[in-house]
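Here the structure comes first, spelled out in structure tokens, and everything after it is commentary.
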Amino acid sequence: MEYLPIFIDLKNRPVLVVGGGAVAARKIHMLQRATITIVAPALCTELKKVLIKQNISWISKNFQPIMLNKVILVIVATNDSKLNTFIYQNAEKHNILINTVDDKNKCSFIFPAIIDRNPVLIGISSCGKAPILVRILREKLELLLPKSLGFVAKLAGAWRNKVKQHIVDTVLRRQFWEKIFYNGHVVTLMEKGRPKEANKVLNYALNNSVKNKNNKTGHVTLVGAGPGDIGLLTIRGLQVIQQADIILYDYLVNSDILDLARRDADKICVGKHVGNHSISQKKLNQFIVQLAQKGNKVVRLKGGDPFIFGRGGEELQAISEAGIAFQVVPGITAGIGVAAYSGIPLTHRKYAHSVVFITGHNTNGDNQFNWNSLSNNQQTLVIYMGKINAISIRNNLIIHGRNMHTPVAVISRGTYQDQKILIGTLIELEKLTQMADHPALLVIGDVVSLHSKINWFGQKALHYYLINSIINLI
């Protein structure tokens, strides 16, 4: 983070503005609560009007370093480069915050693009890197956020102390406000200009919450985080993550997804590496139950989809037996997401009429799978965690009739920017997996031959696509 985004109360604090043109006038509009002194030999018409309306001092002289005395912040809005440098050097010498308009190198702070729903304020910045992108984001957010948002915030502020007095427990208090805002009823009433009814709803909710304050019950949500790319997390998954008190996550979960959680949420890695289980499944099940019994909103965050080779069913059995409330948010499983990002359609009228998902962990045992069925040349075989037993997989498939020249893809870091795809044939599977990183997904079938024609994720236009996706999502 190049800049610290902070909101400063400038009420009655001394601020110096150097410059008397239209740019200075625009900046002064944001500093209305401050005690402003303008330094400029002459003022534009707009500033003269502002001078009459507001309590602003004007020094009709050239800038002198002594004018910085007792000032906490300086805005420089002149087109004199030498003067701007001189002011900047003096401000830096005295550790005074300074912003030189349109000259980032002479700034100790910069102004963000602002969305004002007083008292709700949103500042957006690219740290001076992409001002047009920031402008577009601001425009999108302006349309997205209701004009009544400020009234909702003021209403919440009016109730804040009363709620704090009646709900002493901080967790319960936060959950109360989450219910109010997520439910949307109060917001809708304020949008319609019906504050009296909104107050009644708040009063009813508070009384009801006080009656049930001893019934502090937690619950567990099993969430599929998708195969890696943060953009593949579902909207429902995002909502649940942002409400969680505790997140128990697998080591494969993208750290960017964890950053979406509340800052005060506990994030605990309970994942398993190949051959290295930090916690047994039985103990993990007990741990989840214990956390929920303490009244926490627990999110069990798993890579891919929790019900496909994720042991989600085992965990929910334990949670259900303990009488804990739970829900499931599906995710895009690696077999589907990674194949799509590799330009490999799992079914195709010409090449494959079915697809089978298996785990490669237990493929050493000859009786573990129906190899005759898996060796069908008209189907696609997707193998999770198949790197370790690649030799056994290859041998069993060929022995049971799969063509040794069947196209194969070994994909690691699937859906990430550094995704690695190794293409070969079934007879070469051992060599391919040796070159791949853990964990790796194996795709076996004639559909792999389409990779070279429809591998979209490696295209030059990718970055444009990603930026467009961000803007369109907002």
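Any Cβ shown, glycine's included, is placed from N, Cα and C.
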Co-listed S-adenosyl-L-methionine-binding residue [Swiss-Prot; alongside Gly303, Gly304, Asp305, Ile308, Thr333, Ala334, Met385, Gly414] among Pro146, Pro195, Pro227: Pro227
Pairwise CA distance, Gly414 (S-adenosyl-L-methionine binding site) versus Asp250 (active site, proton acceptor), rounded so that it is a whole Å: 16
When distances run from the Cα of Pro41 (NAD(+) binding site) to each of the recorded positions Ser126, Pro227, Gly304, Ile308, Ala334, the nearest one: Ser126
Pairwise Cα distance for Pro227 (S-adenosyl-L-methionine binding site)/Ser126 (phosphoserine) [Å, integer]: 28
Shell of the NAD(+) site beyond Ala22, Val23, Pro41, Ala42, same chain only (C-beta within 8 angstroms of their C-beta centre): Gly19, Gly20, Gly21, Ala24, Ala40, Leu43, Cys44, Leu47, Ala77, Thr78
Proximal residue to Asp250 (active site, proton acceptor) among recorded positions Ala42, Ser126, Gly304, Ala334 (C-alpha distance): Gly304
The one of Pro41, Pro227 whose CB sees the fewest other CB atoms within 10 Å, among these binding-site residues: Pro41
Of Val23, Ala42, Ala334 (the binding-site residues), the residue whose Cβ has the fewest other Cβ atoms within 10 Å: Ala42
